[in-house]
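These features come from Swiss-Prot:
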- His115, His119, Asp304: Fe cation binding site (BINDING)
- Ile137, Val138, Ser139, Gly140, Gly141, Asp170, Gly183, Asp187, Asn276: substrate binding site (BINDING)
Amino acid sequence: MTKDILILAVETSCDETSVSVIKNGRDILSNTVLSQIESHKRFGGVVPEVASRHHVEGITTTINEALVDADVSMEDIDAIAVTEGPGLIGALLIGVNAAKALAFAYDKPLIPVHHIAGHIYANHIEEPLTFPLIALIVSGGHTELVYMKDHLSFEVIGETRDDAVGEAYDKVARTIGLNYPGGPQVDRLAAEGEDTYSFPRVWLDKDSYDFSFSGLKSAVINQLHNQRQKNIPIIEANVATSFQNSVVEVLTFKAIQACKEYSVQRLIVAGGVASNKGLRQSLADQCKVNDIQLTIPSPKLCTDNAAMIGVAGHYLYQQGRFADLALNGHSNIDLEEYSAE
């Protein structure tokens, strides 16, 4: 009988302290998440120093809770996986150093995991990945289209040239007057309004899979500024609908076109913005029309969590891709350089 592989995973790249135990690359035995949203809400966004402080305060308790919830001990664990980047460097270092301490104390292999690879592998938990596939990554810090021909093989075929889609959502939300985190509130409002503004769709060069959201963001900000200057009433739901329609149309079109060009029948979506109901519906509609299998994780697996890191870590474990205790956190890591040879 094949021995079960247990991975203890640690994720601290931004404002969630999360630890998970994953069995055999798919089964979540525990997935403890300590959120910091309330602490950052009064600042209107994540404050790196505050995030780091909360990680320091919560990491030990979160590790213990994950082990208890999984009903395992450190002796049962086969390897420690940890997000090494990209992310907030101070936040990353808390998780990396905690993972290194565990690896040293219990003589376990240490597995560095790319944060975006983790988001991609969140899909594998609910629906096993089949290749080739196109991955649409949409989050607060990243907007990318990635072609994968096999496990841990990443070819970035498109990326944002300026703002990430989640960043644009948060800035538009603040301009409208919505509280942090603004993305989910824009999505909720968008379901209630009408596309009365017809904000621009930014397609960039012909056949390009790159994205740009800074112009759209500026168009929304300028529109609302002009209305306020002229005392013209602002219907928040219409602003949200018009903005979201512009974003979703571009994301959907480019994702579908990439599937067609690369002869791929599987599209997966990853990152916090994958929770967006408008985007999920648009992709579902177009994938159905084009006979493409669509996978989007449950909302709880779209946001940052250690389970996704553990799943990616499992495949790195199988390839023997370990780090020594000199491992450090990195605020920026190229996904393609991280790809398996």
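From the backbone N, Cα and C atoms, a Cβ is placed for every residue, glycine too.
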Would you list the other residues of this chain near Fe cation - those whose C-beta lies within 8 angstroms of the C-beta centroid of His115, His119, Asp304 - in sequence order?
Glu11, Ser13, Thr83, Gly87, Ile116, Gly118, Ser139, Gly271, Asn305, Met308, Ile309
Nearest by CA distance to Ile137 (substrate binding site): which of the binding-site residues is it, out of His115, His119, Asp304?
His119
Over all shown protein chains, what is the count of other CB atoms within 10 A of the CB belonging to Ile137 (substrate binding site)?
27
With H, G and I counted as helix, E and B as strand and the rest as coil, say where DSSP puts Ile137 (substrate binding site).
strand
Have a look around Asp304 (Fe cation binding site) and count the other CB atoms within 10 A of its CB, chains all included.
27
Sorry to bug you, but what's the C-alpha spacing from Asn276 (substrate binding site) to Asp304 (Fe cation binding site), rounded to the closest Å?
15
Can you tell which of His115, His119 has the least company, meaning the fewest other C-beta atoms within 10 angstroms of its C-beta, among these binding-site residues?
His115
Please identify, from the binding-site residues Gly141, Gly183, the residue with the sparsest Cβ neighbourhood, meaning fewest other Cβ atoms within 10 angstroms.
Gly141
Far apart in sequence but close in space: which same-chain residues, 6 or more away, have a Cβ under 8 Å from Ser139 (substrate binding site)?
His119, Ala164, Val165, Gly166, Ala270, Gly271, Gly272, Val273
On the three-state reduction of DSSP, what should I expect for Asp304 (Fe cation binding site)?
coil
Near Asn276 (substrate binding site), which residues of its chain come within a Cβ-Cβ distance under 8 Å, counting only those 6 or more away in sequence?
Val138, Gly183, Pro184, Asp187, Gln244, Val248
